[in-house]
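What follows is one structure encoded as structure tokens, with my remarks underneath.
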């Protein structure tokens, strides 16, 4: 059997790190407490590859050290937002070690929400409220400006009217009929890239989330008609770019999760669009990514 010589191959990329590093940070302002709980994945790339080539581990920062560093930085720096903390991690490894050339940090935030009653916030009690999961990614190369993405996922929204789907292409396999009025249910995934790191990250994330909900639902008293998932997705992206100048590019994925009227004629009932069958699959999957044209950038 022929063997491949190392003279005939080259590295495309290398990296290692620690995944699923969990931490919860409490910031106390007297009796009023603030918390952020997160799960971080940290990956490092080193200047040399002697660990791969010869088994020389002398440059390797142990992944246990990576975990300890995340915990230590939470203590030393605090956590203002998951994005700012990801940047702190990147900066630490690139400045503390002269042989680290790249750091990539992915963070998911655990969705704790402060308890509130009649407009009064609780000082120190929270409820797990996963209406939309927040995540981010920061990547930085040695002597380069970091690139930051933020995102939301698993935000499930539904409306029972003000949406349709008509005028689509038909061929001999098409059985779908035009729908002037239908359900629209989706689990939104959105990921956007900033053109600067000088961002009020919490406010920007909330603005994107609120914009997605606004374009999906429309005005509360009458809604807003959607002729397709594609149109709603694109209109949402345009409004995000208009409202948040720090966002350079945004990807949105909206799977079309179907609900069908249940045929009850066989049991002697007339179902006039009142009882539906939710179908998890198959589902449509609509995606789009837009960015600012060069002349439109800040």
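Including glycine, each Cβ sits where the backbone N, Cα and C put it.
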Among 85, 165, 168, 201 - the residue Swiss-Prot places in the same urate site as 63, 64, 182, 229, 230, 256: 165
Cα separation, residue 63 (active site, charge relay system) to residue 230 (urate binding site) (Å, whole number): 43
For urate, whose listed binding residues are 63, 64, 165, 182, 229, 230, 256, the greatest C-alpha pairwise distance in Å: 53
Rounded distance in angstrom between the Cα atoms of residue 182 (urate binding site) and residue 258 (active site, charge relay system): 10
Integer Cα-Cα distance in angstrom, residue 64 (urate binding site) to residue 258 (active site, charge relay system): 45
Number of other Cβ atoms within 10 Å of the Cβ of residue 63 (active site, charge relay system) across all protein chains: 16
